[in-house]
Amino acid sequence: MARSAGHTSWLLIGAAAVLLLAASAATAQDCLSATFSNGQTFGKCNSMPTLGASLHWTYHAANGTADIAFRAPSSSNGWVGWGINTAGGGMAGSSVLIASQDSTGTASVLMTNLDSTAPSLPLQPATLKFAVAGTPAVEYSGGAYTIFATITLPGNNTQQSTVWQAGSVSGGQISPHPTAPANLASAQRLDFLSGSSTGASNSRLHRKNIHGVLNTVAWGILIPTGAIIARYLRVFESADPAWFYLHIGFQCSGYILGVAGWGLGLKLGSESVGITYHPHRNIGIAIFCLATLQVFALLLRPDKKNKYRFYWNIYHHSVGYSVIVLAAVNIFKGLDILKPATGYKTAYIVVLATLGGVALCLEAITWPIAIRKRKRDKATNGNAGWQQGA
């Protein structure tokens, strides 16, 4: 039976992985199905790994130019930018196009060069290190800016180091962008001919994604599923002791994966010198401590007839539900920090809604059964007491 529980939990892990892959595929599909108000279409697109941005382009091999449309979400009092670094990777040395709005709500594009990671403000217009045909166009619609331009690829090379960013506007001036991981990882090398890309921070970003997936599957899917099994399947006499082994299988699998994701998170945190997300970090440590207490509490579980079993149950349930609630909160905090494509957050919301729906259905089904069982047990105990007194 324990082996069956293990198989079931690993099947759920596989299903979760498929769901996350589906979210990724949905994001790619969003890139391909994007439309533009001017009716323009593009031959290729790239869903960038951070900030929810995407780049659409058509490359003209005859003259080495590309028609591009860069789209990124932003508030109306924010800015977004895209550019090419002809000197290498990273922001310093890049030539960029920055879209923003003035106090009247008119959107415009600023073309400038960023000679360092802390350029002098306010940014001044400049001739870019690659040619731009005419004046770039911009539109703000649906909570996103879209920059349209025709550029000449530097050196007639289809492989370019591209950068993109997003930030806020303060006092009518473009403010420095945030230093969140998503902002610091917004650079990649893009091949305008093949459409392939290689992130400048792919290794670190990849580990962050693994950290997120491990913790989402562990604390956000396996642990709640194990709790649902323990709460509702135990009501059915035919499910005893299968429910217990399923519960243990899901919780142990979730704890093992969760500890792996937690450890990876600590490692990533130690590498982010000067950047600490205190709420996310502190909640993660609290989840680990509470979950570890649960593991040790299992070794001290009293017998069902023990007078302390009632208090142990209160402790076990309180700590378990606390872990589930804290995990859901922390997963959303992690998504806000990483800022992946919206498909991932949507996928997790669907998972939560599904688990909640299943729990509500099982609550409605098992509640009458539990009431009848309690009445039967009370009657049985009363008869036994009466016979004993007689």
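We number each residue from 1, going along the chain as drawn.
Cβ coordinates are placed from backbone N, Cα and C, and glycine is handled just like the others.
Bear in mind that the values here come from a model prediction, so they are computed numbers and not experimental data.
The signal peptide annotation in TrEMBL covers 1-28.
The domain 'DOMON' annotation in TrEMBL covers 51-167. Under DSSP, the residues of the domain 'DOMON' (51-167) split into helix, strand and coil as follows: 3 helix, 64 strand, 50 coil.
Residues or ranges marked as domain 'Cytochrome b561' by TrEMBL: 173-371.
What TrEMBL records for 210-230 (among others) is transmembrane segment.
The annotation heme b binding site is assigned in TrEMBL to His211, His247, His280, His316.
Summarising the annotation, TrEMBL assigns transmembrane segment to 242-263 (among others).
Through the fold, the transmembrane segment (283-300) approaches residues 215, 219, 223, 251, 255, 258-259, 262, 265, 312, 315-316, 319-320, 322-323, 326-327, 329-330, 333 of its own chain, all at least 6 residues removed from its boundaries and within a Cβ separation under 8 Å. Residues or ranges marked as transmembrane segment by TrEMBL: 283-300 (among others).
Panel annotation: around the transmembrane segment (312-332), residues 212, 215-216, 219-220, 223-224, 227, 280, 283-284, 286-287, 290-291, 293-294, 297, 300-302, 345, 348, 352 of the same chain, lying at least six beyond its termini, place a Cβ under 8 Å from a Cβ of the stretch. The transmembrane segment annotation in TrEMBL covers 312-332 (among others).
Look at TrEMBL and you will find 347-370 (among others) tagged as transmembrane segment.
Between the two most distant C-alpha atoms of the annotated heme b binders (His211, His247, His280, His316) there are 27 Å. Here His211 (heme b binding site) comes close to Gly261, Leu264, Gly265, Leu268, Gly334: these same-chain residues lie at least six apart in sequence, with C-beta atoms under 8 angstroms from its C-beta. Counting every protein chain shown, the number of other Cβ atoms lying within 10 Å of the Cβ of His316 (heme b binding site) is 17.
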